[in-house]
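> Pulled the feature table from Swiss-Prot, pasting it below:
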ACT_SITE  Asp119  active site
ACT_SITE  Asp317  active site
COMPBIAS  450-463  compositional bias 'Gly residues'
DOMAIN    101-432  domain 'Peptidase A1'
CARBOHYD  Asn266  N-linked glycosylation site
Amino acid sequence: MHYLAVALPLLTLALAAPSNSVPLTPLNSRQYSEDLAERQSWLLDQAKGLRSKYAPHLGERGQELRRRDIIDEGITRRKRANQKRATGTVSLTDVGLDASYAGQVSIGTPAQDFLVIMDSGSSDLWVAGSTCTENFCKQTYTFDTSTSSSFITSSEAFNITYGSGDADGTLGTDTVSMAGFTVSDQTFGVVTSTSANLISYPLSGLMGLAWKSIASSGATPFWQTLAASGDWDSPEMGVYLKRYRGDNTASQIETDGGQILFGGLNTSLYNGSVNYISIDESEKDYWRIPLEAMVIQGNSVSIASSSGGSNPSCAIDTGTTLIGVPSQTANRIYSQIAGAEALSASSGYEGYYQYPCDTEVTVSLQFGGMSYSISNADMNLGSFTRDTSMCTGAFFAMDMSSRSPVQWIVGASFIKNVYTAFRYNPAAIGFAELVGGSSVSAGNPSSSTTGGGTSGSNGGGSSSGAMERKGVQLGWLVGAVAVGVAAMI
């Protein structure tokens with residue numbers, strides 16, 4: 001497997017992780033539900049799980065109860081198969097002032113609940129296992145395979161590499177549920193070791209929302225199984241990422257961080273129609289579409305590059321904070337901002353640029369014939385040098401390999417400004433104006449972009465190439481930049 005190397009420092013997200021002596025804040029659990037029926041259901045599941053685990057050793061009465069359990073499970077499965085659950089909502093938790101957006105996933109029998117980063121830029125599901133010895137594992141929720149009666153272990157190793165580090169463990173299969181939907185035989189990674197600071201409390205892992213072709217495990221992603229099954233009312237996911245950057249009253253962990261709707265779009269969150277840009281069959285790897293133009297401070301900027309041609313392919317990545325662009329493009333972007341300068345390579349922050357904090361930056365990207373603005377709050381990440389009059393920008397210089405199918409990584413700094421649709425069939429990415437927003441306008445035909453980008457539902461992606469695994473996970477890699485917690489130079 002190949003990975004794109006990114007020479008960036010690992011900046012620690014300054015979250016107050018609990019010590020071993022402090023109990024973790026409980027996630028939603030049926031055991032403590034205010035609903036008596038929910039609590040009773042949890043209790044019955046504990047008994048069923050125990051009987052299942054020790055079935056060969058049960059006495060006569062236990063065997064009889066186990067047979068009843070099996071009948072009940074079959075009835076439940078048939079009922080579920082005959083029911084069409086139209087949509088389901090993943091309520092997002094905003095961690096680190098927009099550094100990561102996480103949803104709750106339930107794994108095993110009985111279910112164990114975890115917060116996992118919802119990442120449209122990768123395709124694997126993994127969670128920290130209870131045998132993990134890393135410090136972060138001791139301070140967050142971990143999956144105990146021994147207490148799940150439905151877990152099937154595998155001897156196959158699991159490894160996934162990001163720009164910020166890697167995670168290692170083994171593959172397993174179990175029942176996985178999210179937003180009211182269940183996949184009974186989902187393959188995922190049970191992680192036993194990670195690079196330092198890859199993730200931290202309250203996070204326990206990651207849910208990949210991209211296509212199967214880039215899954216390190218080779219498993220069909222949870223979302224893709226559901227979209228293909230017909231269980232969804234509409235084969236798409238609607239994404240809204242809430243902004244807490246610039247909110248002085250916000251905390252490091254905000255439970256009202258937006259939502260992902262499985263099975264449709266939340267029409268109450270956007271105005272007008274959705275502008276879909278088609279994805280070719282050969283491009284089902286990352287969620288990627290071609291960029292057609294860019295305007296900053298009222299001036300068109302050339303987006304052409306040696307690797308991406310006139311219309312670079314952009315991965316739309318909810319698991320990333322920054323907007324990664326080729327270094328020559330970053331140069332052009334910041335040359336339009338008076339007083340902007342690159343942070344030196346010797347400082348360890350190569351790729352970042354800073355500019356006067358009092359500068360109001362207007363910037364827009366054009367996809368599918370429409371221009372979408374990025375708010376100044378998302379463009380300006382805050383001050384990270386001893387010169388507090390200078391602020392760091394969201395566009396980050398990062399040259400991808402010539403074999404990479406994507407040249408830009410478009411993260412939450414952009415996605416927060418639009419309502420985003422990820423459509424399974426026909427494959428497409430769509431954008432719409434958020435309610436209360438004014439981020440969308442007709443594209444500018446006089447843009448410096450030249451060549452063959454098309455618009456609307458007929459838009460296509462860039463040419464396909466040899467696949468490379470995702471090599472930058474900037475959402476948590478640069479958590480400190482996203483939340484403004486470091487003074488570095």
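Each residue, glycine too, has its Cβ placed from N, Cα and C.
Map the listed features onto the structure and describe their local environment.
Around Asp119 (active site), taking its Cβ as the centre, 26 other Cβ atoms fall within 10 Å, counting all chains.
When Cβ atoms from all protein chains are considered, those within 10 Å of Asp317 (active site) total 32, not counting its own.
Model confidence over the domain 'Peptidase A1' (101-432) stands at 95, taken as the mean pLDDT rounded to a whole number.
All protein chains shown were included, and the count of other CB atoms within 10 Å of the CB of Asn266 (N-linked glycosylation site) stands at 16.
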